[in-house]
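Per TrEMBL, the features are:
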type     : residues                                                                                    : note
BINDING  : PHE91, GLY92, SER93, THR100, ASP105, ILE106, ASP107, ASP159, LYS220, TYR229, GLY238, VAL239 : ATP binding site
BINDING  : ASP105, ASP107, ASP159                                                                      : Mg(2+) 2 binding site
BINDING  : ASP105, ASP107                                                                              : Mg(2+) 1 binding site
COMPBIAS : 503-525                                                                                     : compositional bias 'Polar residues'
DOMAIN   : 12-206                                                                                      : domain 'Poly(A) polymerase nucleotidyltransferase'
DOMAIN   : 358-418                                                                                     : domain 'Poly(A) polymerase RNA-binding'
DOMAIN   : 422-497                                                                                     : domain 'Poly(A) polymerase RNA-binding'
TRANSMEM : 227-246                                                                                     : transmembrane segment
Amino acid sequence: SRQHNQPQGHYGLTSPISLAPPSDKDHIHTQKLIEAMKPFGVFEDQEELYHRTTVLGKLNNFVREWISELAESKNLPPSITEQVGGKIFTFGSYRLGVHTKGSSDIDALCVAPSHVERSDFFQSFFEKLKNQEEVKNLRAIEDAYVPVIKFEFDGIEIDLVFAKLSLPTVSDDLDLRDDSCLKSLDIRCIRSLNGSRVTDEILRLVPNLENFRLTLRAVKLWAKRRGVYSNIMGFLGGVSWAMLVARICQLYPNALASTLINKFFLIFSKWDWPKPVLLKRLEESFLNLPVWDPRVNPSDRYHVMPIITPAYPQQNSTYNVSVSTRAVMVEEFQRGLEVTDEILKGKSDWSKLFEPLNFFQKYKHYIVLTASAFTEEHHLNWIGLVESKIRVLVGNLERNEFITIAHVQPQSFPGNEVLYKQSGYVSMWFLGLVFKKAESAVKTNVDLTHGIQSFTDTVYRQASALNILKEGMKIEATYVKRKQLHHFLPAGTLQKRKKQRVSDISQNNSGLQCKRSSLGESCSDGSKYRDSRTPSNSSSLNKISKLDISTAETERLFLTSWPNSKSQVSPTEMEATVALRTSGPPIGCTIPGYKTVCQLRTCFVQGQHKLSGTLIMDPKSASPKKHYSPTSK
């Protein structure tokens, strides 16, 4: 750890920390780790592996056939038509060799020669796929950050991106790691190639593939169980976790997985963020493409947890990370270090590392974000967009001077039958809040209106620009305390374990403000909607009362605390008054028949907390109608 903190050069790359060979105890711990991981299905069986290999072979032949047919249709000489080639490359988890059992999706890249245009890929190739019996659930997403065609091929889910090279033919021995393949390409082709180039470079840079893959399987399982695996939500995605594991493998090239996991938590719980993590030094290229470099690019200086891809052009894979999400991950690194130290000392077992986070007992204050639409098709489009922007809401909230942490749970939850009847298809996300400790006995108003309104405006404007905004699409933000979560979630979700106290994870981030630039993003990795028709307990609705509040007060969202005059009161103990308001689409975003929504959700009346309903003001009606908060069976 001390050696790690002695950087060599500007970016802190070091030589290996330890070259010691593994001991018999290391082998025993690694075997126990494997046994602890097996119940979670992280290991792929041979039958699944063979089926995926077969499907990829069929897809590769299918692509070559399409490219050849396209060459003929464009009247290319027969000598060229016979040799145009074309090839499928894989990247992501499948290429890294860490595909899990039952997870059938594969990230793939279609590489074509120069006569093939992107429009051909999304038109003639799309039509050719549509006519194949093996292909199901075919859909194209041309306006994504990395344009993609998604489909199932013989039961295997494929996410296929496209890139054409400035070459008349694509040979079977093409090496995409050669920077010259990027020459004269547009930015979308470079982005498409980047996934495969980065994956191959990671595999080249790790000293022992077997140890790397087993460690990465364990880290990915841990990250998913602890709720920190989601690039779109501001945590880390698969490639970022792979690069962190690869860096540890470089520092401990002879260590087995059990040791590597412990060193993983040791190094990254003490890492001096925002110092970047790199697998190799940044390199120059004759192509002069933009690369991550805070010395040159001002926007790169605001990245709070940079993990830099090793393939040119080098980019930060974690530009979505915010101060809050980084703080949550650092806390999890610290917990992981404590747990693995106990395991290696024989005081615990590996199953403890993979215990799920009890998010709904961790905080006292929560915001419930609800997205709804009238039809399932509209809802799928809507939640994909909303989910891709939730990190904007997190950034808005954490910039509030009174908020220390805004922690979003990456998993979405379906609405129950009551919500379905009222709003159609519903998905909910939950954000835990930590407020700064009161410093005086003076009453403090914490105004969150601007942050929430800015988020909703962003979503509505984006939906309008993409032409997906439809009648019935709504976003609602509800403030609740922990004891009220049962109105939204079933008891089994809320009572997985005993309550945990939230630690003050803001100590390591004092004085650091989030000033993140808005960069490009892909909405293609949003979570899938899980519908539910759970009957609700209608008697609980009687406990929800209407909030009587003046019109002027609805213009602000505020949280008011009354600290104890004898001592400072922590935010987890303070009483609060909260009135949430979110409006409909901003000016310029129109929905036929849209109704203005004014939400008034929670308040304290003489120390007694009451959960209100939502008042939906219909311009066509003189009186408002009551829209109750969700309840659970």
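The backbone N, Cα and C atoms fix where each Cβ goes, glycine too.
Those TrEMBL annotations? Automatic predictions, nothing curated.
Note: the Mg(2+) 2 site is recorded as ASP105, ASP107, ASP159; in the same chain, GLY92, TYR94, ILE106, ALA108, LYS150, GLU157, ILE158, LEU160 also have Cβ atoms within 8 Å of that site's Cβ centroid. For the pair PHE91 (ATP binding site) and ASP159 (Mg(2+) 2 binding site), the Cα-Cα distance reads 10 Å. Put simply, ASP159 (Mg(2+) 2 binding site) is 20 Å from LYS220 (ATP binding site) when counted between their Cα atoms. For ASP159 (Mg(2+) 2 binding site), the nearest neighbour among the binding-site residues SER93, ASP105, ASP107, GLY238, judged by Cα separation, is ASP107. Long-range C-beta contacts of ASP107 (ATP binding site), restricted to its own chain and to partners at least six residues apart, with a cutoff below 8 Å, comprise THR90, PHE91, GLY92, SER93, TYR94, ARG95, ASP159, VAL161, GLY195. Among the binding-site residues ASP105, ASP159, the residue whose Cβ has the fewest other Cβ atoms within 10 Å is ASP105.
As a whole number, the greatest separation of Cα atoms within the ATP-binding residue list PHE91, GLY92, SER93, THR100, ASP105, ILE106, ASP107, ASP159, LYS220, TYR229, GLY238, VAL239 is 20 Å. In this view, LYS220 (ATP binding site) is surrounded by 21 other Cβ atoms within 10 Å of its Cβ, with every protein chain counted. In this view, PHE91 (ATP binding site) is surrounded by 26 other Cβ atoms within 10 Å of its Cβ, with every protein chain counted.
For GLY238 (ATP binding site), the same-chain residues lying six or more positions away in sequence with a CB closer than 8 A to its CB are GLY92, SER93, LEU96, LYS220, TYR229, ASN231.
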